[in-house]
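All remarks here apply to the structure that follows.
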Amino acid sequence: MAERRMLIAGNWKMNGLASQIAEAEAVADTWRAPKSEVLICPPATLVGALASALGGSAVAVGGQDCHAEPSGAHTGDISAQMLKDSGARFCLTGHSERRTDHGESDADVQAKSHAAQAAGLIAVICIGETLDEREGEKTLDVIRAQLAGSVPDTATAANTVIAYEPVWAIGTGLVPTIAQISEAHDFMRAELVARFGAQANDMRLLYGGSVKPANAAEIFAVENVDGALVGGASLKAADFNGIIAAAEG
Ligand SMILES: O=C(CO)COP(=O)(O)O
């Protein structure tokens, strides 16, 4: 079986002023040499400061979004190269809040993911169905289409992570059953292996949506779950540490 290093990623979303850096430092102080990889994606305003504060620690820093172009006349946007230059190693792409708030299509997400890879970042490509799609039994169709449309041909196990985040589970306290998570992750693995071959067995598949210290261990026990993308519970070191502890076993 493939050996995939667990990745526990925090997405701070549009939260965090400079004072929030102390929470990330408290995470880094707790985990000096974890088995898992630990990542925090702060708002763009904190990427540089966080990368400096966490330099030499086991906690990596990532962006939450990037533009598809490396530079140019795009006021207010940030390129993958800029994130890399600020000390980021990862970049989220296609988060459902970007798809909803900014109308990002699968094609947009694919272009951004490619830009992240080209800049030397690991793209964490987010997909997931809405409640309507889940109730309409369209979940696997949505996953198939989003993987096909959002993941660039350049994806490898080294430059790409997939995050499955059912939209209805984000920030709601609702979590799919273990059977539902397992079905989605097994399906993603099969789709990726069909497209990319055996190397896709090494690609990490994260679950995201209301992950907490109390439910993390049973989610991490699912065979094709290789970590978590955590929103609310990543803002407090005590909560995020509890989730990392569940992965460390
Ligand atoms: O959207 C998420 C992470 O990207 C999940 O958010 P919550 O953990 O707050 O549900």
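In case you wondered, yes, glycine gets a Cβ from its N, Cα and C as well.
As annotated by TrEMBL, active site, electrophile applies to His95. The Cβ neighbour count for His95 (active site, electrophile), using a 10 Å radius and every protein chain shown, is 28.
Residues or ranges marked as active site, proton acceptor by TrEMBL: Glu165. Secondary structure at Glu165 (active site, proton acceptor), taken from DSSP and collapsed to helix, strand or coil, is coil.
Within 10 Å of the C-beta of Ser210 (substrate binding site) we count 20 further C-beta atoms, all protein chains included. Taken from TrEMBL, the feature substrate binding site covers Asn11, Trp12, Lys13, Gly171, Ser210, Gly231, Gly232.
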Other CB atoms within 10 A, centred on Trp12 (substrate binding site): 21
Substrate site, defined by Asn11, Trp12, Lys13, Gly171, Ser210, Gly231, Gly232: further same-chain residues with Cβ within 8 Å of the Cβ centre: Ile170, Val230, Ala233, Ser234, Leu235
Coarse DSSP state, helix versus strand versus coil, of Gly232 (substrate binding site): helix
C-alpha spacing of Glu165 (active site, proton acceptor) relative to Ser210 (substrate binding site), in angstrom: 9
